[in-house]
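Trainee: I'd like to ask some things about the structure below.
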């Protein structure tokens, strides 16, 4: 079943690419939509020159740093807020108010504080991706079946033992749901965070902006493709880690 | 410790919930003493507060007034002196059968060698030693409850509290489990407080059946049952069994006709 779905997905992608190529060759679509062959050629050239790696590495570094911060801060605060009521009460209004704010709108403020720097970019990524992780973790803790906690109390477990050995594993499936959304957002924000101080920096977002200014949509597509590919790869890595840690769970994916 | 001290001694227990501005009395006032080594069932109309009562004795839900003593010691928090078995499986899904039983002992600081010995003993007692490496999700409902029983017995509580532990099982599994429970109980020699809505189950298993009234709960009658043990399933067919069963049925149905309008 799973193998069949993989096959279908692969065929789907190939068919779409072939269709795109055909339309481009027949000149049924405008030239600025480029074509898979041209994009592939440019991609290869950039791989050969090494440009792609330095740009991708710079972007990945910021995205993954942001994600790491989200994972640590989001999970720790989410568990604290879920388990200790006063902490939850403290965070609820802050999170509820800030969650719907488009974090990119905070960019001018961040720039005043931290300048046009990687700190600003990582913080922007962090602020965007933090909320899904925090909210899912807190929810996960709240959703732990009461009987698990009761059974542990019955055995004489302390609050700390219950937190580490019962709450954390029981909330883990939900925590991973949040992490997955957060990881996707860090790749979305990879581009947005590079909209400042472009032209001289390294990064896939900068590549898009530079290509845009030069009217080179084929190069733009190369960057978009690489962002998509990296996002996909890291999502798969996260899923693999999840399957490892949630080996016991029926929906380990 | 004198032999006169009851295993469970409940004095003037009362439970009042506040729902918004309204006060709902779940338990009017209950005093009950369970002698050492006895199997006591509590039956009552659904929603009468018998499960709440058991959770209070377990220390999971706070009481309003009154006292609960276990072997003379007053308790108001959950603790390993009372082993609770819940209606739904409370087995930890991320631990295999063995670790589920062993964890409580680990928490209590029992050393590894001793732990292994105890786990093996109780898993063999419930005939599930061969499943020690399985996850709870790989077991049937009846097996899960047997593991739960082994897990509770393993930390050697003074008394067993059981909240409709077979409520979610089909009729045949349920009968098998009752016979199993009787065997295990006779071997372990624990005092048991068993909540059920199944009259047959209560009469078959118990030395004493306590009948609760509808909400707010008071004790309606206490019935002693003295069929010889071990009881076989065909005790159900005896006239004496049916008489007791019918008597309890009448007690419960007086309740239904009295306060039955909002039951369904």
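Heads up, the Cβ atoms here are built off N, Cα and C, so glycines get one too.
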Trainee: Check each of the ranges A:158-178, A:221-241 against TrEMBL and return the one annotated as transmembrane segment.
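Mentor: That would be A:221-241, the stretch labelled transmembrane segment in TrEMBL.
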Trainee: Which listed stretch (A:9-29, A:104-135, A:187-209) has the most C-beta pairs under 8 A with the transmembrane segment (A:221-241)?
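Mentor: The stretch I would name here is A:187-209.
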Trainee: Which residues of the chain, 6 or more past the ends of the transmembrane segment (A:65-84), have a CB below 8 A from one of its CBs?
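Mentor: Same-chain residues near the transmembrane segment (A:65-84) but 6 or more away: 90-92, 122, 125-126, 129-130, 133-142, 163, 167-168, 171, 175, 178-179, 182-183, 186, 189.
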